[in-house]
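J.: Here it is, the structure, as structure tokens.
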């Protein structure tokens, strides 16, 4: 990970003094934000005057904020206020100038995330997707079954979030808004001192006038306010100050942070509690029914009273079972009726349809038996009330266990969200930058450019850069790096990590949703919502699964019933107190309820959820199931050299002295000349000199003064240091200054270049006194990582822009046989396409800076050493650390996940393939074994639970390769 602080911190755009309040003279940024952008493709623009005429006419329209016309591209981009004009009016104005205007090239797209309630299987999620895609203006909708969320892209000019939620509710599911695209940075405030609606409206208007405030939502009942703001411009402390300044005596307004309950956690606990309570209530009725039908009749004389007749042939046992079963069937089991109704209304079928059909068949046949017994003194029949009531109870138990297990699939993500501490120590500084006071405040109140103090043992509250002090920080919870990382002034720190042993002063650079921790959570949530291609198998099966099961159940009933009527099987096969119709009905109901589409729907998303969460906890951010599925097929990996196989920081690895001058003096003179240069080689020489001083007992960072410093491009530098002319550079620089080069120097240069090192010559007063060999060292784990990839059946290829000698040397050292050198970034992408043409699935590992074309061209792009920049669009997988072991972790985790998904499908499909024939009575003629409907229901419930528990086993995943301590490249100076 890049720890050094080459950071360009953003200065505050809003200068705040202690007395600043809301300025009524400011234009409301809320009005400025209420603009829309539209792009037109305009044909007929031939010169600049055409563009000017379009800009003049359109800019004159009421409501147009700005217009920009690109002559060469033939495009016009217009920013306008929708309440005053619209895109159609603007288009007609351009057409009025005799230009042809094509359809709108760019539409404003809004995004919202919704919590979906009531989904049980893949059919449910597909139904929600279909309902959303039928809403006018919805461009894209993705529904995650395991996550129970939907992400919707829509045109706000055509539809709204309320209409989208209404469409979901019409489909028979519940929906709550989780977030929308404009609430990236929000603060929730509790108002104090507010006594009327006018007070709230005053506060709202004041906040809307604050620069940087995007949106203000007020809850007049709860007296809370939600403010969406731009952290580059303002922050929560300024907003609270504005609310306080808005009050006028005798009224006094104040605001404090308000933490709304975590909706996801609250709803999950509510769902668990709801299923548990329903199961317990059903047990209250089903246990007596089971006792009255299955246990007591076999324990004479204790159960004899159940056979006492109430009227004609209706017994007390029948009446009690009917009375106890009805509440379970129609009150506790009402959810299955509702789900089945909405499913059939939308033209699809789900698990609720199967349960409703099975329980209704058992219940209403039993009612028929009772009515016949009530009206006849000779009719004898067996009721199946225990089938209905126990079936519902077992299904509720299965759903309860399923939601508990599903909750654990996002444990890793939950732990990430809880890493940030609640409070931080804010320093108040004087003009000289000295701390004059400390204040403990909530982490949510921190703003960009604040200065905070972090003592040993405390968590880092937000992202920032160390400006004072040194320490080691444990980043294992974010990056997976086991060893604490040394931090000094200029180094970055990540929110949620732990300061180990020193006090550091940190300047805040990112707050709220911009922190690395928040971006990781957002990336993982998006990955868990994305659907893996392997999920298509379950989607295809789910479309015809339930109708097939219903047909199979009917044919099962019909087959056994016809066989019984025509005495095809012996009468002894029919259990006592049953007839052939009832036996056939039990087989048919068992087939209905034993088949479970839920297990199929959960097989992929639960495994992806656990895998992406587990990967995030180890510093491997996988962007969804698609990346997971592709990664397991990888057969070739292309590595960039600099920053990927090598450390990315040149360092002096060898020195040679050609005169009697001491090595330290030689390096001091060279560093004095190089101190003013920004070249990486110059920095390497300066850094080496500092370390050499420490070895000789000198700890001064002060470099010798230099005069007449001059850079010679492509050759080196020259300077006057301590009255001596110092030349530091290559052979070309020496030739420019007519410095003689001896055979010893020539030999050393050749020896160094053969090792793929850069030879830097140092001449003092036109005499070469020494040379330094500079190299970008290999990462310690590079060789082991390449070897391990080879053992996994993956070939490694190096593609670099460096020269062939360096490339071949590096490749030989790490064990890579195939090398492509002197290739630009576009050429890297072409090489990847060539390999893909050979039928290989290719992964590209790069540093995410100059490798974007190659990362995008590869089947799987892995951005290594991303650090806090987790929003790399080109990569499929983001590796938080610079360690190559994480490349292996990403591929191995993908293979383990796909294996687990296949195993889940074996559980789900195998269960149905084996369970349905047994339920249909295939084994009954040979073994006498049959599956009663209530036991079939228990098996159905167990299948979903087993699939989720199978996915949870991925929580036990461990990295296959962990490099603890590997000796780095030799760094001892070679003195001659």
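Each residue, glycine too, has its Cβ placed from N, Cα and C.
Keep in mind the model is a prediction, meaning the values are calculated, not measured.
Pasting the feature list from TrEMBL:
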COMPBIAS  18-27  compositional bias 'Low complexity'
DOMAIN    36-102  domain 'HMA'
DOMAIN    110-176  domain 'HMA'
DOMAIN    185-251  domain 'HMA'
REGION    1-34  region 'Disordered'
TRANSMEM  279-299  transmembrane segment
TRANSMEM  319-338  transmembrane segment
TRANSMEM  350-371  transmembrane segment
TRANSMEM  383-401  transmembrane segment
TRANSMEM  544-563  transmembrane segment
TRANSMEM  583-604  transmembrane segment
TRANSMEM  905-928  transmembrane segment
TRANSMEM  934-954  transmembrane segment
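Describe the structural context of these features.
T.: If you take every residue in the domain 'HMA' (36-102) and average the pLDDT, you get 80.
Sequence-distant contacts of the transmembrane segment (544-563) (same chain, six or more residues past either end, CB-CB distance under 8 Å): 123, 349-351, 353-354, 357, 569, 580-581, 583-585, 587-589, 591-592, 595, 597, 600, 916, 919-921.
Sequence-distant contacts of the transmembrane segment (583-604) (same chain, at least 6 residues past either end, Cβ-Cβ under 8 Å): 120-125, 145-146, 350-351, 354-355, 357-358, 361-362, 365, 384, 387, 391, 395, 402, 406, 531-532, 534-535, 538, 541-542, 545-546, 549-550, 552-554, 556-561, 564, 573-575, 625, 901, 904-905, 907-909, 911-912, 915-916, 918-921, 930-933, 936-937, 939-941, 943-944, 946-948, 951.
Within the chain, the transmembrane segment (905-928) has long-range Cβ neighbours (under 8 A, six or more residues past its boundaries) at 537-538, 541, 549, 552, 556, 560, 569, 573, 587, 590-591, 594-596, 599-600, 602-603, 936, 939-940, 943, 946-947, 950.
For the transmembrane segment (934-954), same-chain residues at least 6 beyond its ends with a Cβ under 8 Å from one of its own Cβ atoms are 355, 358, 386-387, 390-392, 394-395, 397-399, 401-402, 405-406, 408-409, 589-591, 593-596, 598-599, 602-603, 606-607, 609-611, 614, 896-897, 900, 903-904, 907-908, 911-912, 915, 919.
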J.: With Cβ-Cβ distances below 8 Å as the criterion, list the same-chain residues six or more beyond the ends of the transmembrane segment (319-338) that contact it, or say none.
T.: 172, 278, 281-282, 285-286, 288-289, 292-293, 306, 310, 352, 355-356, 359, 363, 366-367, 370, 383, 385-386, 388-389, 392-393, 396
J.: DSSP-wise, what's the residue breakdown of the domain 'HMA' (36-102) into helix, strand and coil?
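T.: Split by secondary structure, the domain 'HMA' (36-102) comes out as 21 helix, 23 strand, 23 coil.
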